[in-house]
Amino acid sequence: AAKYCKLPVRYGPCKKKIPSFYYKWKAKQCLPFDYSGCGGNANRFKTIEECRRTCVG
């Protein structure tokens, strides 16, 4: 798995609500969240499939 899969979810400081997914390391699964459109980190994916491919293996 990529190193950034261990990063905590970061919504960012902006006001948008962009449906996204992040990998929750302790739960070993990809979960949905609303990205704000700016800021955040690399633990953010457009689809659950992309999240699983990158972080689950």
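Just so it is clear, glycine is given a Cβ too, placed from its N, Cα and C backbone atoms.
Under the heading disulfide bond, Swiss-Prot lists CYS5-CYS55 (among others), citing sequence analysis as support. Spatially close to CYS5 (disulfide bond) yet at least six residues away along the chain are TYR23, TRP25, ASN43, THR54, CYS55, judged by Cβ distances under 8 angstroms.
What Swiss-Prot records for CYS14-CYS38 (among others) is disulfide bond, and it gives sequence analysis as the kind of evidence. DSSP assigns CYS14 (disulfide bond) to coil in the three-state reduction, placing it in neither a helix nor a strand. Sequence-distant neighbours of CYS14 (disulfide bond) (same chain, six or more apart, CB under 8 Å from its CB) are SER36, GLY37, CYS38, GLY39, listed in sequence order.
Annotated disulfide bond per Swiss-Prot: CYS30-CYS51 (among others), in sequence order. According to DSSP, CYS51 (disulfide bond) is assigned to a helical segment.
The domain 'BPTI/Kunitz inhibitor' annotation in Swiss-Prot covers 5-55 and is backed by sequence analysis.
Annotation note: LYS3 (site 'Important for binding to potassium channels') sits in a helical segment as assigned by DSSP. According to Swiss-Prot, the feature site 'Important for binding to potassium channels' maps to LYS3 (among others).
Within 10 Å of the C-beta atom of TYR4 (site 'Important for binding to potassium channels') sit 14 other C-beta atoms, taking all shown protein chains into account. According to Swiss-Prot, the feature site 'Important for binding to potassium channels' maps to TYR4 (among others).
Cβ contacts within 10 Å of LYS6 (site 'Important for binding to potassium channels'), excluding its own Cβ and spanning all protein chains shown: 12. Taken from Swiss-Prot, the feature site 'Important for binding to potassium channels' applies to LYS6 (among others).
Swiss-Prot lists LEU7 with the feature site 'May be important for binding to potassium channels'. Listed in sequence order, the residues of the same chain lying 6 or more apart from LEU7 (site 'May be important for binding to potassium channels') and placing their CB within less than 8 Å of its CB are ASN41, ALA42, ASN43.
The feature site 'Important for binding to potassium channels' is assigned by Swiss-Prot to PRO8 (among others). Within its own chain, PRO8 (site 'Important for binding to potassium channels') has ASN41, ASN43 as residues 6 or more apart in sequence whose C-beta sits under 8 angstroms from its own.
Sequence annotations record features per position, and here Swiss-Prot assigns site 'Important for binding to potassium channels' to ARG10 (among others). Contacts of ARG10 (site 'Important for binding to potassium channels') defined by a Cβ separation under 8 A and a same-chain sequence distance of 6+ are given as GLY39, GLY40, ASN41, ASN43, ARG44, in order along the sequence.
LYS26 (site 'Important for binding to potassium channels') falls outside any helix or strand according to DSSP and counts as coil. Residues or ranges marked as site 'Important for binding to potassium channels' in Swiss-Prot: LYS26 (among others).
Residue density at CYS38 (disulfide bond): 11 other Cβ atoms are found within 10 A of its Cβ, drawing on all protein chains shown.
Sequence-distant neighbours of CYS30 (disulfide bond) (same chain, 6+ apart, CB under 8 A from its CB) are PHE21, TYR22, TYR23, LYS24, PHE45, ILE48, CYS51, ARG52, CYS55, VAL56.
Taken residue by residue with DSSP, CYS38 (disulfide bond) is part of neither helix nor strand, so it is coil.
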